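What follows is a set of notes on a single structure, which appears directly below.
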2 protein chains.
Amino acid sequence: MKRRSLIAAAIAAPAALAAPRVARAQAQHNWKLVTSVPRGLPGPGVSALRWAERITQMSGGEIRVQVFGAGELVAPFGTQEAVESGTAEAYHGSGSWFSGRDIAHSFFTAAPFGLTFDEMHAWMYYGGGQELLNEFTNDRNLQIFIGGGSGVQTAGWFKNEVKSLDDLKGVNFRAAGLYGEVLRKVGVNPVSIPPGEIFAALQSGTLDGAEWVGPANDLAFGFENVAGYMYAPSPVEIYGGIEFGINLDAWQALTDAQRTMVEAVSEAEANRSSADTFHANLQAYEKLNAAPDLVIDTFPDDVWQALKDASREVIDEVKDTSDFHRRFVEAYYAYARKSTEYKRYYDTPFLVERESFFS
Amino acid sequence: MKRRSLIAAAIAAPAALAAPRVARAQAQHNWKLVTSVPRGLPGPGVSALRWAERITQMSGGEIRVQVFGAGELVAPFGTQEAVESGTAEAYHGSGSWFSGRDIAHSFFTAAPFGLTFDEMHAWMYYGGGQELLNEFTNDRNLQIFIGGGSGVQTAGWFKNEVKSLDDLKGVNFRAAGLYGEVLRKVGVNPVSIPPGEIFAALQSGTLDGAEWVGPANDLAFGFENVAGYMYAPSPVEIYGGIEFGINLDAWQALTDAQRTMVEAVSEAEANRSSADTFHANLQAYEKLNAAPDLVIDTFPDDVWQALKDASREVIDEVKDTSDFHRRFVEAYYAYARKSTEYKRYYDTPFLVERESFFS
């Protein structure tokens, strides 16, 4: 509890001017940042490197951040535990990968009919999201900052056309986390399989379909060569967020000026990496759109209706996990509902009208 | 030309590690930042202060940024010229305010059926937007970074219902910039009037309607008390951007590490201030939605059709200004068109399906 209130004070207090240079120069921080992807992988790998380089450079080396790719220091999905224990000072990864440790982690990546990119940032910085994140992670010696999102993801790739809900019954479909839970309730058989094996499983027929991320990441796997139908948008993977988790002791050992660097670079990265992914998706989508034998569509109405019903059930189940989870999920969806009301007369009709402007 | 290529190199080059501390400590930069709004005004005023404080703090005072509100050092809309001449080192303001100096400035705030918030950031950082901005400003001794946007704005407030295009003919309507040009072509009489006088002009009947920004800023003026109809979204003010302009000599006098600070803090601010405005809009919209006598709606179909035709004419007129403007506008709309294609199966249907999920 003491730890938590210290952090809250550090975040909430207006930034004081830096201590004199002499004082600043006293401490040297050597940070290890662990990621779950290969070092420098386009998208998340580049984002982790840029975060590390910017902090190292602007601190004049007072905080020197060294990046370790998947498996170089710890197991790919052992990064969060490594930061809690102090094996590493920071990790960069998707919240949903840690949802087995606490289901609330998933909501910063994938939540049924959840927050979009702009909504997530507003909720985190101004709507109480950061405080809720602190509440279930500070006690585990973690300080997490959001680091950007993929935007609304693809619902999935299918070998056969989805003409109605019946076509989803019993299909073997690669899906992770809460999306898998929602799909199970509408009759899909969700399969857990490592990313590197999805293509071969689709090709051999072991899988009838699969979801991964969005155009840029999916194109890299070449799914359009083994599945003729691409459906978007996903009903669950909306923000698609990646985060920076920092060891709380390492965070508290920083000066105010150094904390401002880490916070500002994280906020810049949430902006930059989202823009990077968005741009990459535009280029990839153009290629997919030009693929002669690929059908791009949205799910039919009865599938959407079933997905909505199933999503409500899944959300209720998460709420029932604990008092904290009820409070967390209710706060999250109250924000989503409020923004949905707002966008009803702003973003949504604008996008619809612009479509006809360009067609 | 020499100046321009230096800047391009500084931006494109991978960040080198900072010079040793001894070298970093040699130069002291005292920057004056001028804004067009009162110092500390909620939204843009707070954003300018946070940018200044973060840079001052994380540089240990090597760059000390002092903020001057509207009229404190230069006239409210003389800020860009003041930075070009070196009277101030930086300004914070909306690009559209400088569109009289070059119409291309407007596109970073308001462009007919233009780029949304996420699209603008992707275009600027990865799609060639920053390079085009540099092209028409570096020669004027300016280095500009985007600083966040309001998101899709309100189309306008009207004293009478807009049931069809006929209801727009001849109405006296406060509108600025390219939006005013589009409205003129559909028969509106656009009126230029200082923001502080809009409320009284609506009340007295001098104006039949007015546009300002979005829910948060409009609610601050109390427009719902003098105009019973609010229409959204705007067909022109989509990103609603505000930018940081920096004197090029001052920018070039910085070390690599200091430039990384200014760049990262600007990118963080583009994220933060957008989230701030978005959150404020959600709260304000909820209040407007609860106002008993206010009608909130979108324009009828024939108005949208006329606005699209008028927008195409206005865009063509801007293109014809010069070879640069043709290239600039074509690049801008090529990006918007590409993103529109992409969002057709991602953001747009997701927002529509989520609406029914929550209703």
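Placement of Cβ uses the backbone N, Cα and C atoms for every residue, glycine included.
Of the residues proposed, A:E131, A:E237, A:E243, the one TrEMBL records at the same substrate site as A:Q153, A:R174, A:E211 is A:E237. The two recorded residues, A:E237 (substrate binding site) and A:W212 (Na(+) binding site), show a Cα separation of 10 Å. The record gives A:Q153, A:R174, A:E211, A:E237 for substrate. Within 8 Å of the mean position of their Cβ atoms, the other Cβ atoms in that chain belong to A:T154, A:A155, A:G156, A:A175, A:A176, A:Y179, A:A210, A:W212, A:V213, A:S234, A:V236.
Across the fold, the C-alpha of A:W212 (Na(+) binding site) and the C-alpha of A:R174 (substrate binding site) stand 8 Å from each other. Secondary structure at A:R174 (substrate binding site), as computed by DSSP, is strand. Sparsest Cβ environment among the binding-site residues A:E211, A:E237 (other Cβ atoms counted within 10 Å): A:E211.
The record assigns A:Q153, A:R174, A:E211, A:E237 to the substrate binding site, and the maximum Cα to Cα distance across that set is 15 Å. Neighbours of A:Q153 (substrate binding site), defined as other CB atoms within 10 A of its CB across all chains, total 29.
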